Amino acid sequence: MFSKATTVALLLLATSIPSSLQNTAKVAAAKFLMQSFELYQSDPVHTQQVHSHHVQEQSKPITPVEFFEVQYRCQYMSGLNFYDLKPLALVKDSYKFTKDVNDFYVSFCNDLPDDQSCSTKTMVTRYDIAGGNCQVLSGSDPTKDADFDPLEEDKDSGLKITYNSGNKKDGCSGEPSFQIQISCDKDVESTEDYTIDDSGCYPILKFSHKTGCKIGNLSGLWQWFTKNKWFMFVAFLIIGSILCFLGRTLFRPVLFIAGMILAISLVWIIFYSTFLNENTKPWVGWVVLVGALIFGLIIGCLMVKLVKLGAFILAAWGGYALGLLVYNAFLYKMNSNTGFWCFTVGMALVFGILALFFFDHILIHATALAGSFLVINGIGLVAGRYQNPFTIADEINNGVKDNIDPIFYAYLAGNLVLYVLGMLFQYRQKRGDKVNGKDPYSRLR
């Protein structure tokens, strides 16, 4: 439950991803959700060795390193759903499918063995049985060299994997090189009943298997946000501006807003990690939002009463925003989810603790940071090309992206400029404070 709630928490905050990147932005979140389905295997796993033109049964235990490699290269994303082809990869290193005078060798999660790979790193090849010619039909990394789509939109009918490694067939330039269509059948665990259509520009392999059935989706909350991006833009812009420029002056209202946001987030995490899904009607999302707002009003009032706790949370929010920006700009190559959370949560704790000793200064910096972060998120939500700050590092480390889009650094620069402006504005207000030498916390005592 914790891992699934963590996934939804990521998506709750990651509303700024443009629609063109939605298909790949959920790779990191999928890792967490995969764990909630208990797909990790603890018993020893044995594979079969497949050799060119014949199958030789040979049991061998798979090592932890190999299992880790298979686990994460087998998680194929398709829109708002994801699939796990690990059961195929753990049975055999590769599969042979024969059509007339051609043998097609396919590996679903790893590169083919040397004697089937045309002496290159690839996942699909075609061997001419008579002539012995070998043709490469895919690249080595499915996240870069293939597209993943459902066989039918909005239905759990199966998965379609289309490889794009350069079609060399006459008159087929620009066409895919190979396609696999796996129909969903939860009772089928074999690939023996297959067909290959090689009459067009590229071969199409079809079979039914349980791996063609989606094992989860992240669509309920994600769909609600994408359908209501303008509402979220206005909300982020208003709340972010108040935090950035009036965080110290409007200390009580800001505490109230922070408490409300915290409560709303918790309510949505609970609802969208339990029973709400992609089939939920839009009005249900609005009912949940209204209920969360009512709960948020109560928590917001409580935060104003518990000033010390409120100040800690407010400063921690700013520290977390700073940690998130710094990590994704400079530390993303750590390739560690643990490192990500340790750094960002650590920054939040540092800011929260410092707020108890250097209240005025930390309050100004934290609210300016948190406010600028929300404003830029809101702008990126509608302007596009603002990469999800929660998944940039994971997308790169998992091969979904080669590097950070330079536009992200432009957004980062805007974030920093807005932070500096908000900070200077608040310090100017502090100097003109009629109650000299007293911070908002002192005035509340």
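Each residue, glycine too, has its Cβ placed from N, Cα and C.
Look at TrEMBL and you will find 1-21 tagged as signal peptide.
TrEMBL lists 72-215 with the feature domain 'MRH'.
Annotation comment: TrEMBL describes 230-247 (among others) as transmembrane segment. Same-chain neighbours of the transmembrane segment (230-247): 15, 253-254, 257, 261, 314, 363-364, 366-368, 370-379, 381-382, 418-419, 421-422, 425-426, counting only residues six or more beyond its ends whose CB sits under 8 Å from a CB of the stretch.
According to TrEMBL, the transmembrane segment annotation covers 254-271 (among others).
The list of residues near the transmembrane segment (283-304) in space but at least 6 beyond its ends in sequence, with Cβ under 8 angstroms from a Cβ of it, reads 220, 224, 252, 255-264, 267-268, 271, 276, 310, 313. Taken from TrEMBL, the feature transmembrane segment covers 283-304 (among others).
According to TrEMBL, the transmembrane segment annotation covers 311-332 (among others).
Feature annotation from TrEMBL assigns transmembrane segment to 338-359 (among others). Beyond its flanks by at least six residues, the transmembrane segment (338-359) meets 308, 311-320, 322-324, 326-327, 331, 365-366, 393, 439-441 of its own chain at Cβ-Cβ distances under 8 Å.
Listed by sequence, the residues of this chain that lie at least six past the ends of the transmembrane segment (366-386) yet keep a Cβ under 8 A from its Cβ atoms are 15-20, 229-230, 232-237, 239-245, 247-248, 254, 314-319, 321-322, 324-325, 351, 355, 405, 407-408, 411, 414-416, 418-420, 422-423, 426. Marked as transmembrane segment by TrEMBL: 366-386 (among others).
Look at TrEMBL and you will find 406-425 (among others) tagged as transmembrane segment.
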Handout entry: Residues of the domain 'MRH' (72-215) by DSSP state, where helix covers H, G and I
Key = 18 helix, 55 strand, 71 coil
